[in-house]
């Protein structure tokens, strides 16, 4: 390609000149190409090794063209190429278009200017024609991308993130090379002294990623997969490399978990022209994502908030009259601050609250100050800002966007929910739109919303307000303490501010740890969790969800209904319909908001507590914060998040209570207790009034406090747990301890915990104060940091998700192993290959949406599905019949056959059923599969139109022929009705019964798998018409095209084809014969025409295949130029017996009235062979045997333009005819080694794209 001219001082160093003229030189890199001239040898090896180690661009473009004037010592690179052909084209263009022109110039400087301008003009014109946009990647990185795609055969869709120099340890020998990190793969390439080694590992196959340090190798990264371990060392910046590897592995695990693909963020601001371009645009994107994730976690912001930038500054804090050093963070909707000293002060200022941003006057005490005022009359003063003008401009831009969004939201929502006070003051009305309650009113704690003209009942008061059970005389001391807590919080608000913009300090945490007053609990939960931000930015969202979900039912709503009455049944608020209805609405609304989660057990317990202290909409947004931000992946079908934190808890227990760890591991208690403790935040194992204090701390500190509390519980029971003999005893000890945790400050009447009611305590357990327990947890385990937990979570997430994937694989294999002929090992390999193809299509694209192909709610066997494009690739590599140009057509037919439900996707069970029949089925099963693939109608067929192939035969065989209405096609399924994909077989007794076909279809949908399997016997298979028979012949000829016994198989196929043509012709005679019975009487039913069923004594038959040209040429199938019929016209059948002019020689299909009308008789079809010793004797023929005879003349396959609509054959005839040819029998009986095919499929790359990779693989051996 043409490149911008660059100066080269040493033109011949490490390069060999191949062609030259007065102005241009074509050179080749030493070590590339072995056609003499010093290309090989030791010098070439050294140069090649040097290029790899130094990452030279000559590794990508080993050819180049230089420009030089005769009297100058400076050379200019003007073109380069990866192949000799590419660079030769550029050379010839220069000779034809520039060489003559340059001789006209007299000044060498003019020549140089002209050449440089010409080359730059060519590049600009190319970019304009091809619409090449400005790329932020450096030229060096672009070369690395080209090298990456060429070295590892990756498609263009595979994006390189970064590459690093390192050493890979193969045994005890390090191989110096380059590690390439792409979105989906970790790759390594090394070229030393002529030996090249490559390694490719998919991120989804990694089970462990560790940064280790040993005495010999202080910095080393260990990458583990299911089958091997890999070690990399000698990094220039190991921390940066490892962080990027962690991030890419996390993206891969997210893809396994919920099928989320990676999409590059195109909205990142471009770098300034003056800033150096050191990293790729994709690396910048990933770095920005990591920073945004930390930013959101630190300040509890919504999931879609993106960090724009951060800067060091100071904040003036009026409560202690100090300037606190810290960092300011600016994003699209928020300005946040956190101090350098942990927990000293933090601040969150939503831009929706900001009224004024102005630059204050600078002074020696306050250099570069910035003042920000909010609606609640708070002013924040920042100083020591490095680039204040730029910062003010960015904040102003974001403020304009925020203001426009606020106005548009107001216009959308109107006045129906402009403020809570307005809504509360509205008169109540009867509401009858709820499916659970017909009426409700404000007096009962519910209010009507007028959204789009519909009324949606939503509770306006907390359930605790309506169902408070306390007696002032009985609880006076506790009420006094509660009052003091409220006053302490009010004083705190007056000093530090109230609402989202308040200063959050160590004092705030102290008040939370002492317990939040009941009257303030809902407000502070919203504030501390960040749910108040989502509620404020989504007005009317919850009411819309409630309205949308009303009256709709699915699996989630069924599970919700089942668990409603199990949610705090001991509390009076959930002993009546009002509390139950509010809980139902919140859970159902969230299930519709997040269908990936829907509903998970334990959500009902947590939500019921939220409803006690927060209004209904507030409880919904608290649930959103809990499920999507604070406890990620906890509440899904596989509770992955809880399992990850269970692993983290085990590690923490090993570090902090080592004396107990081994004992707990032996008893298996940690895994049992952690799920129930973490999923419900101790609400299900601790008395209610104590558990809500844990929830208070959780909303302030996050998951950190749950780990601390769990460790404190174990630490308090060390001695008793060490004396336990089994897990039941240990669980009893912990259960009794948690039941004894009390809250002496609670103003609620004691609510007996359900666990304590059911347990048989031998005696009272000493009471444990919840505040003392929490204090102890901070004293002993307060050093646990949130960033440490995140690191441990990553390590456990890899292990947990891969363990779940292995469990899923075992469950699938165990379920399906009895249905197929594959071994367990073969099924496991096939499943890994099938899933890998599904995942590959997710990130490299496919013809269907990846989310449609993966549904975690389905059974394991149906979770991963592939479309036709993916199936076609696997068909070519795994199926024994894939051969030649006909493979795509055959794959399409098999895909239609396997796609039983007609959704254009097949799951693993369907895939394996077809593969098992084709590879390990007996001869009859294989031929039945081949027959069924061709009896399917064409994709363009219309469902309501009768199949033309059987139109005539069905009329006369209504009493015995099953009717097949299975019409499927890749292109036409979208237009078909809901009955698509069901095979409907109805044994017709009368033509008038066609009207009942719909009832039959509905009935057959209810058939069990056993009944379906019975209906697919050979007798029930539809007949093959002439067009389908032609396609079957084409398939068979293509199947044999690469077989060693190709000629023998062609001869055998020709004989079988001729035989079946004759059978079809005679079958047509006996089909049309009954229609003429009135005019021409036929023979009695029980009699056969003499000489037709049995040959005359002494007569013999033989089929002789003659051809005027070699059989290979005459029988070759070329669908583009000729039809199959024209190619088979030279197939002749000769009969040595006298010809009977009165009847057509054929196979007799005896439709005796004495046979059962509902089934077809089985016939053994026999044919005399071409050898004398194969003659049949009368005593060898059974009662139901039909002898095949042929007529004189030629039997040819008709052309498609003149198909005979009455011609048809059955599967029994096809099977029996093929059995007459030993060559065909041997071919279909030939065993197939599936493991060998799977192994080759792992490494084969098709069209520059790896089909699949079930695990890590080496492209070339690293042992060299």
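Count begins at 1; order follows the chain as displayed.
Backbone N, Cα and C atoms are what each Cβ position is placed from, and that goes for glycine too.
As written in Swiss-Prot, here are the features:
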type: COMPBIAS; residues: 425-441; note: compositional bias 'Low complexity'
type: COMPBIAS; residues: 1119-1138; note: compositional bias 'Basic and acidic residues'
type: DOMAIN; residues: 146-213; note: domain 'GRAM 1'
type: DOMAIN; residues: 293-361; note: domain 'GRAM 2'
type: DOMAIN; residues: 515-702; note: domain 'Rab-GAP TBC'
type: DOMAIN; residues: 886-921; note: domain 'EF-hand'
type: REGION; residues: 410-456; note: region 'Disordered'
type: REGION; residues: 1119-1162; note: region 'Disordered'
type: SITE; residues: 562; note: site 'Arginine finger'
type: SITE; residues: 601; note: site 'Glutamine finger'
| query | What number of additional C-beta atoms lies within 10 angstroms of the C-beta atom of residue 601 (site 'Glutamine finger')? | reply | 14
| field | the domain 'GRAM 2' (293-361), counted residue by residue under DSSP: helix, strand, coil | value | 10 helix, 38 strand, 21 coil
| request: Give the three-state DSSP assignment (helix, strand or coil) for residue 562 (site 'Arginine finger'). | output: helix
| For residue 562 (site 'Arginine finger'), what residues in its own chain, 6 or more apart in sequence, show a Cβ-Cβ distance under 8 Å? | none
| said: Across the domain 'Rab-GAP TBC' (515-702), what does the mean pLDDT come to, as a whole number? | reply: 91
